[in-house]
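Here the structure is laid out as structure tokens; the discussion comes afterwards.
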């Protein structure tokens, strides 16, 4: 596969991620921040996000399984998650977090659990998508091309 | 009363004066004052009532006294009248009686002289009768007189023989039937020691001749007393013979010889020879007398014989009923043994004392009337006072309700926003969940509506805050120019869309820095400009200009170019346009501030550091219908319902603006003409900003764009005002400006002034789109090329750059122009400092040396480069992103993950220039951390100030204040106010957006 094709594929894929709402402007902002001094910035941040997220999701699940659910605790986790997801531009994850927080506020355990499910789902979806994206990126770099900017 | 009035008066003043700040205090103060006023008025009311009662009682007493007094007077006078009348009558009666008595006495002496003194007697019955008859007028009161001779029993026979009749005895004790008394029927007198037979008599009483007077009991007594005393004596009243009247008999003794005046009774008895008697008819006597007097009707006279005091005998007058007043006069008829009295009475009972009654009743009535009036007045006062208190209470309640309403509104709007965020979030999610076109449309509509709702709620919140007096204005130094640039950048998108020219101009006389509330100032202008944009359609302009109020008030030569021109708008007849920003007619802006009361601040000379700005927003929109102009500043009022439908919006913006302007000590006004446009003007008072007032830690004024200083520019524009606006913006970069009106004149200008070697040659030409057309542009372009004396690169660099100014070129058109080489770049209006700088930097290549970024980040880079910044966030991802974003702009970033760690880092001395703080963190959140930091700093500052510690220990910084910016994802929730409250300097939204980051950071690093 030549570089041009890869680049086109990369652009299309990124565009689809934006279109389907997985990502938003913030992701573009991150990409803009990346320069020759920090070539792996986006990757670095996103992996940080992944680590953080897994920890947080596990914490949430644990907190929700408790006999008496500490909604404040859950809410704190969701808040964290929302913060980091909005930082990387994980749009859909962030939106689920917003809903999740509302349920926490209402102390609606059913809703919380449903949201956690949804969050897991969205998160794994995003993770696989981003992994694909990074793979494409690496392929382009390996092929000696540059990452095209998606405006 | 007065006291309470004064109290409430001063209270009202107080209330007005400090209305804003002392609301709470007043609320506590007020009930006290009211109670005071209430109690004092109550006391006054009681006093008034007491006084009234006293007054009425006094009136009643006076009227009673008056009655009594007048009545007494009347009675006294009546009594006096009665006394006078009675005494007069008594005296007259007495006089007349005495006259009669004297006459009888004289008669007695006559008898003595002529009967007994002569021998033979000169008087016989005939003589006596005649004489007495003829002298009867002398004794009008006597019914008759008779003379009886003293005859001893021894002389009886001889006497009887001599006269030829026997001495007869009075027949009966009863003398009533005098008429029937016939001498022949009378019995001869029984044998007695002595006899007193009547020998002479007046004709009227001739029937008593020969009757022995000693035989009548009354007469006998009378005779005995008379001869013993030698004076006239009276009998008690008895019924007279013949006439049936009560009468008295007067008896005088006749002595035979002259008696010495001091003769003893025995001598007198011895010398007695006879007795003269006269009968008095008392009733006729009195009646006659009374007839002689006037006003006999008014009084009733009774004459009594009161010799026997226990049984007085009524001699005259009927037994009248008692009429109250009685006067008794003593009568002296010359007989000391007898007492007579005259009793006088008024015939009628005394009439009611009408004068006294009317006078006193009058006084009483007047008193009662006055009392009633006062009572009514007091009641009225009490009622009015009661009403007043009630009103005050109601007023307090209404005010409280008003405040409560505003607070309620504020709370509710705050509360609504929270679920609204959920709604918006869900909608956003819904929109992302792969909807079909229709559904997407619905969801988008719902989302847009929700956003509108949020902005409405924000406005309502503002309104409520202002109304409840909770909105407090900041007083921070800020850059007017930057503030206006901010507003303009907000609307640049919309103005592009609509193709409206948007421009801002600040008079040179307006100072760069002022102290006031930049946020609220911006809000006013944003509201006005937003309004203008809403009502202006694809033609014309919106022009924001700022002048000193003094410029308008002062003499015309003080005004600057733009003001002068905009005040004398002339119609350019050649191309049917006006001398305005866009050539469209505008309303007379002078009228918009005509009604301002305190346009000039010259009235307060001491406040010389107060500057009054006049901001004018002029548009060429649809204008406001004249019938709606009066209510334009009322909340939720729009020009009319149809406008509302066409243009949407809540209509609260202008109301908020007005209130904000009021808060800032200014006035707002407008002039509008349907079809032409509107001009809104307002004044605000700011304090003159001193650069030295700004934070010492902040860098001196950032030389943003200072690289262009000293360059020369030529502005080609056919509209002088617009050219002036361009000049203003260029001058902010310290670029000197010349102006021409067309490309042709620009050519000649350039060829005249072109000298590539001179440092002062024209470096740029700014051409407005209106004077630009392809052919002229081409000519101009060629002309510039020809200016080049030789084709060396160096000179190429020196060639003037050409910029095109436009409002609505698409990027495609722009690129076309640029690539054609006609222009070096296109400047999109509205002009702003940042836009100019970035554009110039791009063209002149200055920016490339610094940062490879486009547009504003360059300036952000300028601001943040080499700045040490502490980022506090517990979220690793966020921390990393923030760190990176800031590093990108050249900042030196340190990260910590908790509020506590931040405290350690920011303990003075430290070398951080700013801190970005997440708000929601476990353990210690951003608010708390900031408060702690501020506390720490103020402690250090105090110690430095007091000289406790040397300034060297704290890195030579005398005043520690690290700018702390909140980072928050929830901009709405964590509003500016809250941040300010705990000592933060501002906030930025997460994730970072360049615009916002710039404006937040610019506060500290640029405006220094």
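Keep in mind that glycine also has a Cβ here, set from the backbone N, Cα and C atoms.
Remember, TrEMBL labels are computer predictions, not curated facts.
Which of B:31-50, B:51-70, B:71-90 counts as transmembrane segment depends on TrEMBL, and there it is B:51-70.
The predicted model assigns the domain 'Histidine kinase' (B:411-688) a mean pLDDT of 78. With respect to Cβ neighbours within 10 Å, the modified residues B:768, B:918 differ, and B:768 shows the lowest count. According to DSSP, the domain 'Response regulatory' (B:868-1005) comprises 62 helix, 24 strand, 52 coil. Cα of residue B:918 (4-aspartylphosphate) to Cα of residue B:768 (4-aspartylphosphate): a distance of 46 Å.
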